[in-house]
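Residues or ranges marked as active site, proton donor by TrEMBL: E144. The active site, nucleophile annotation in TrEMBL covers E316. Feature annotation from TrEMBL assigns substrate binding site to R105, N143, W324. If you look up TrEMBL, you'll see C109 marked as Zn(2+) binding site. For 8-393, the entry in TrEMBL reads domain 'Glycoside hydrolase family 42 N-terminal'. For 402-587, the entry in TrEMBL reads domain 'Beta-galactosidase trimerisation'.
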Amino acid sequence: MNRALGVCYYPEHWPEEMWAQDAAEMVAAGISWVRIGEFAWSRIEPEPGQFAFDWLDRAIDVLSRAGLKIVLGTPTCTPPRWMLERFPDMLAVDAQGHPRGFGSRRHYCFSHAGYRRASGEIAEVLGDRYGRDGRVHAWQIDNEYGCHDTILSYSEAARDAFRSWLAERYGTIDALNEAWGNVFWSMEYRSFDEIDLPNLTVTQPNPSHELAFRRFSSDQVVAYHEVQVAALRAHTDAPLIHNYMGRVLDFDHFEVGASIDIASWDSYPIGFLSDRLDGSAEHKARYLQQGDPDMQAFHHDLYRAVGRDGRWWVMEQQPGPVNWAPHNPAPLPGMVRLWSWEAFAHGAEVVSYFRWRQAPFAQEQMHAGLKRPDNAPAPGLAEAAQVGREIAEMPQIALQQAPVALIFDYPSDWAWATLPQGEDFSYFRLMLDAYRALRRCGFSIDILPSTVTDLSAYALVLAPGLATVPDALQEALAQTVALVGPRSNAVTEELRIPIPMGPALRGLDVTATRVESLPPHVTRAVIGGGTVQHWVEDLDGTAETLLQAETGQAVLKGNRRLQYLGAWPDADLWERIIHGLAKEAGLTVLTLPEGLRLRDTATHRFAFNYGPDLVEFQGKTIRSADVSWWGI
Ligand code: GAL
């Protein structure tokens with residue numbers, strides 16, 4: 001496995017006289033990749049059809065002469081102002097019906113046919129010029145689909161495209177009315193042209209309508225993306241990459257990933273802890289300057305599954321305080337290095353820092369880089385350089401398949417976001433809780449899509465919250481020890497209650513006959529230890545009751561190979577459940593000090609101390625914000 005460092009650089013932000021020195025310093029820090037261009041459309045095509053490539057040619061020349069490999073971005077997430085004259089109706093529209101205007105970025109609707117064409121054209125122009133240029137070693141398409149909440153757009157373009165999509169999916173309007181149950185509240189349509197987008201309704205729209213819109217919106221991202229893929233493939237054999245985000249689930253990343261070569265993601269551990277994670281005030285204080293101990297690893301494992309043949313990068317790594325979270329503390333000394341090594345231990349080929357130098361202007365002037373705005377080194381630079389030296393010295397690390405898998409499914413998130421039943425029911429939170437529980441027991445984990453059909457190589461598989469369990473997956477689950485639930489196989493793909501009611505799993509007589517959602521801080525004790533919270537099901541059926549709440553409700557039912565969990569466990573209960581499953585699966589459970597996490601490769605065990613205190617583990621002493629590894 002190769003390992004390398006990269007950095008995000010904006011030559012258009014700096015006087016040309018600085019470029020050569022910047023490039024030399026990057027190389028001196030052990031950086032070998034540089035990503036450029038992804039926001040530079042107004043400099044590449046200042047007027048429609050008039051291209052200015054001289055500066056970009058020179059930037060590529062200077063950077064590659066210094067020994068850097070270039071990732072060139074297509075600039076389609078920042079269409080220039082003149083694009084709006086060409087397509088006044090290209091803006092995305094929010095759920096309140098307001099256009100999302102020019103003056104920042106991502107101001108386009110995925111469904112706008114004209115803008116989609118224009119995106120293909122600029123990719124084509126860039127591909128034509130640089131596709132066979134040996135200095136451009138990889139391409140990034142667009143930047144962070146979904147950033148700033150931009151997947152769902154309620155524009156006229158989206159409405160028209162949605163109607164065609166519905167006609168294609170359902171064939172006849174009667175089939176749609178039947179599938180959605182539109183007899184309810186006289187919502188029946190006489191033709192596809194009568195169907196609007198599911199916003200601005202008096203109260204909640206039909207959940208089937210909303211889920212269909214979410215499926216459609218995801219398909220629009222895929223279709224938009226594939227236009228650029230096709231344009232670039234015609235000109236280049238270099239790998240195509242997209243940079244995904246943390247906890248953005250509004251489109252199916254597996255489907256976007258299917259047409260490109262490498263998945264990458266943008267990792268901002270401290271920003272996420274503040275902005276995007278549930279958790280107690282105590283948890284957030286403890287990890288304030290480190291980030292949540294499982295959030296990064298979760299996404300590393302997820303994007304390893306999204307990348308073709310497991311290929312993935314961190315395209316943007318937080319190097320210091322960011323600007324966009326409610327509060328923006330600095331990383332503890334050591335964390336930039338720890339995050340970088342954690343990514344490599346999970347299989348990243350490249351960890352690329354965002355950004356080289358902090359910009360003294362515009363929206364991100366408060367966002368740290370590896371260098372300060374005045375060009376002095378920022379604290380992150382020395383840590384990056386240390387990682388640069390270490391990866392040069394470290395022998396190859398071979399990855400291996402993890403013993404445990406977690407099934408992750410984007411449409412399940414859309415289903416539960418549409419029909420939460422309890423306002424804090426979050427698919428992501430449920431998945432992260434399950435993942436965290438496994439990691440606290442010391443396991444390395446592979447995340448897999450719900451389309452997987454062979455699980456025979458895994459000792460244990462978890463599929464919580466999987467809204468609809470495909471038949472092939474049910475069969476695959478029978479090859480291993482598996483935990484399903486809560487809320488798994490609970491609805492059909494149209495978001496209706498199936499009859500017979502779920503989970504109706506093959507070989508397991510369990511039915512969830514009633515569900516309750518509970519407000520935060522309400523817990524119900526489970527006999528023998530732990531509690532359930534948020535979500536509790538009444539379970540019926542002949543399967544053996546393995547765990548029971550003090551209310552008498554069965555919490556876990558099943559047999560030695562397949563178990564159904566009918567509630568949302570707290571950390572202690574998760575631990576009990578995992579211990580039980582691990583025993584059936586023949587896996588050894590470890591007890592880790594608080595904040596310590598492991599990752600096993602074929603050759604090494606890595607240990608990451610996210611906690612504030614020094615820990616002792618397996619004969620090693622690991623300081624706070626430090627990483628340690630040893631051969632296994
Ligand atoms: C990412 C984005 C970058 C930059 C960065 C700041 O979401 O891709 O362009 O905005 O965040 O943290």
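In case you wondered, yes, glycine gets a Cβ from its N, Cα and C as well.
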Inset, instruction - Please work out which residue of E144, E316 has the most C-beta neighbours within 10 angstroms of its C-beta, and give that one of the active-site residues. - result: E316
Legend entry - Mean of the pLDDT scores, which run from 0 to 100, over the domain 'Glycoside hydrolase family 42 N-terminal' (8-393): 98
Inset, instruction - Please find which two of R105, N143, W324 have the most distant C-alpha atoms, given that the record lists them as binding substrate, and give only that distance in angstrom, rounded to a whole number. - result: 17
Inset, instruction - Starting from the substrate site formed by R105, N143, W324, give every other residue of that chain whose CB sits within 8 Å of the mean position of their CB atoms, in sequence order. - result: C77, S104, R106, E144, C147, H148
Inset, instruction - Rounded to the nearest Å, what's the C-alpha distance separating the residue listed as 'Zn(2+) binding site' and the residue listed as 'active site, proton donor'? Just drop the number here, would you? - result: 14
Inset, instruction - Give me the Cα-Cα distance between E144 (active site, proton donor) and E316 (active site, nucleophile), rounded to a whole Å. - result: 11
Inset, instruction - Mind running the binding-site residues R105, C109, N143 against ligand 1 and keeping the ones whose CB falls under 6 Å of it? - result: N143
Inset, instruction - Between R105 (substrate binding site) and the residue listed as 'active site, nucleophile', find the distance joining the two CA atoms and give it rounded to the nearest Å. - result: 17
Inset, instruction - Give the distance between the Cα atoms of N143 (substrate binding site) and the residue listed as 'active site, nucleophile', rounded to the nearest whole Å. - result: 11
Inset, instruction - Inside 10 Å of the Cβ of R105 (substrate binding site), count up the other Cβ atoms and send me the figure. - result: 16
Legend entry - Same chain, 6+ residues apart, C-beta under 8 Å of the C-beta of W324 (substrate binding site), given in sequence order: G271, D275, H367
Inset, instruction - Starting from the Cβ of the residue listed as 'Zn(2+) binding site', draw a 10 Å sphere and report how many other Cβ atoms land inside it. - result: 26
Inset, instruction - Run through the Cβ atoms and count how many others sit within 10 Å of the one on N143 (substrate binding site). - result: 23
